[in-house]
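J.: Would you mind keeping the following structure in view while I ask a few things?
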Amino acid sequence: MAAVTGLEQPLVTAPARPARPRAWRAAVFVIAGLYFLVPLGASLWYTVYTPTTGLSFEPYAELLTAEGFASSLSLSLALALATIALVLLLTLPAMLAVRLFAPGLRPLMEVLCTLPLVVPPITYVAGLSTSLRVGADVLAPTPFWATLIAVQDPGFPVVLVLAYVVLVLPFVYRSLDAGLRTMDVRTLVEAARSLGASWPHVMFRVIIPNLRSALASASFLTLALVFGEFTVSRLLGYQPFAVWIVTISGSRGQVSVAVSILSLLLIWLLLLAVSTAFGREKK
Amino acid sequence: MTSKVEFRGLRRVFGKTVALDGLDLTIEPGQFVALLGPSGCGKTTALRCVAGFERPDSGAVLVDGKDITDVPANKRDAGMVFQSYSLFPNLNARDNVAFGLRVRGVPTATRRAKADELLELVGLPGHADRYPHQLSGGQQQRVALARALALEPRVLLLDEPLSALDAKVRVALREEIRRLQLGLGITTIFVTHDQEEALSIADRVAVLRDGRLEQAGPPAEVYDRPATPFVAEFVGTMNHLPGRLAGDGKVTVLGQTLPVDGTAPTGPDVTVLIRPEAIQVTLADTTHPPAVGTGLGEVVTASFRGASVRLRLLMDGHEVLADVPGHEAARLAPGTRVAIRLVERPVLVAARAAPVPDAV
């Protein structure tokens, strides 16, 4: 037995790297860093320093206490979470089902999921608002009318979640597709099934744990997109974070730049939170 | 617990391809049966029908006399090892092996102990904490085997588990599988396209062709007494030599008259099937005319195969393959004039120009 296992060497990992490209890498890194950090630093300096009064964090204090900050932020956060949950709940089982039971439908699914990318948001929102208006008129005498009104509740506009699900579909589809490509889905599912696992068990113990990074990147993209989305929410008359930023920053220069820096920081923090939530790597 | 498995008139069609065309086969409890055949013969489909991943269009799979066609895959109690690496990448070797036990709700301590025991059984003690990507191909298949055995299944299904491994590991692991199977006495179905693999470890070899059973029997029987020209061709190597029926149940080939094995087709011109090892090769005596019953020819190529040498000979315009002991190779270099003699034993005879299918 020992002789047998001796034949089987574990796979060798990455070879040593040559030293020369390291200098190049450093140069590229510095240039890229400057490209991002110089404007950021300049913006930050602009918001906190005035030649006449000196250093002051007043614009930030003003922002955080401004009306609508907390409510728009929490609205965006809630919308993002709901969108992530709904879009994953829709796409993951659908993509698995297509892979396992109807591989012939994969090209069709790919086209459908990529379609939102080519429709400009302005077209999309025009169609959406028309539908909502016409729908409300047509459905007025039926119980559906109440539903239609409920999804437009300004407290939590479900209609935005539905709209965002469509908007993020291409990105979520791409991320999950890349993740599913890295594993032999069919064999893993069959192995689990033959070991007695039910379908939910297969999903939560086999598929999801192995798709963690794909799910994380899908969630990243959704979060970033929902936080930055302006057209649809503005034209439908809601005030999530992106819309609030534009509203508040219109009047004063320093405040508007402070808002940009703050929102950038916020997104970073949220992405960090998402990545730690998914990032419990194996080993 | 070990079970009897029966295929009854199993039929499965994929679009225009008939994968299984009325397969009938019975596998006795504790038996190790190899399903052998070229790709597309339906062997994997048959196995997947037992596992529950394929549903037959008609016919049934019976385990211990009970029709399991409608039983879902997760309730079939069949352990399976796949051709491609199928370990769960997010679990280490121990957790992979314990996966099925965990599904069944076996307590943590018990399943850990059981998993470690199984890993030792498959020759991987001390590898329990490694993840699949830290294991070699052979080691991964060992873990997969341990995982399949963890639930003490009624049937063990092996779907070409060795085909992705290199030659030495392959041979070692197949003997390992056989040792385990004999020890556990578990009914095992092993799918392979490699006839050597099938012949060397199975109790019975079932040769499939176009979704039907051609022949099932012990390895020696399938090799020595192939029931059809297809089996003769697929299992081992065969020479196809022109012969002429001599009446009296005999056939004349290369100047020799030999008894016919089984029933001969209508002649008089036939094709005689002869194994390379049933041909004796000697240096031609150029000073005397050839003796009766001896063919003369020339060595074209000689390929060394370790214990033996396979000679490619040209005799009266026919190509003949002959296996001779390795130490004779030096005397029988290409270009040498040789005489061949067929071993005196019954030979298989097929109708002339019978379409012999391509062997893989």
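Glycine is no exception: its Cβ is also placed from the backbone N, Cα and C atoms.
Copied straight from TrEMBL:
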{"type": "DOMAIN", "residues": "A:73-274", "note": "domain 'ABC transmembrane type-1'"}
{"type": "TRANSMEM", "residues": "A:26-48", "note": "transmembrane segment"}
{"type": "TRANSMEM", "residues": "A:68-90", "note": "transmembrane segment"}
{"type": "TRANSMEM", "residues": "A:111-134", "note": "transmembrane segment"}
{"type": "TRANSMEM", "residues": "A:154-173", "note": "transmembrane segment"}
{"type": "TRANSMEM", "residues": "A:214-237", "note": "transmembrane segment"}
{"type": "TRANSMEM", "residues": "A:257-278", "note": "transmembrane segment"}
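Structural setting of the listed features?
T.: Residues 55-57, 59-60, 254, 257-258, 260-261, 264 of the same chain sit 6 or more residues outside the transmembrane segment (A:26-48) yet have a Cβ under 8 Å from a Cβ within it.
A Cβ distance under 8 Å defines the sequence-distant neighbours of the transmembrane segment (A:68-90), meaning residues of its chain 6+ beyond its ends; these are 156-158, 160-162, 164-165, 168-169, 172, 215, 218-219, 222-223, 226-227, 238-244, 247-248, 266, 270.
If you look at the transmembrane segment (A:111-134), the same-chain residues 6 or more away from its ends with a CB under 8 A from one of its CBs are 91, 148, 152, 159, 163, 166-167, 169-170, 172-173, 231-232, 235-236.
Counting only same-chain residues 6+ beyond the ends of the transmembrane segment (A:154-173), those with a CB under 8 A from a CB of the stretch are 75, 78-79, 82-83, 86-88, 90-91, 95, 109-110, 113-117, 121, 124-125, 128, 132, 218, 221-222, 225-226, 229, 232-233, 236, 238, 240.
Within the chain carrying the transmembrane segment (A:214-237), a Cβ under 8 angstroms from the stretch's Cβ atoms is held by residues 76, 79-80, 83-84, 87-88, 92, 121-122, 124-126, 128-129, 132, 152, 157, 159-160, 163-164, 167-168, 171-172, 175-176, 178-180, 208, 243, 246, 263, 266-267, 270-271, 274-275, 277-279, all 6 or more beyond its ends.
Nonlocal intrachain contacts for the transmembrane segment (A:257-278), taken as residues 6+ away from its ends with a CB within less than 8 angstroms of a stretch CB, comprise 40, 43-44, 46-47, 59-60, 62-63, 73, 77, 80, 212-213, 215-216, 219-220, 223-224, 227-228, 241, 245, 248-249.
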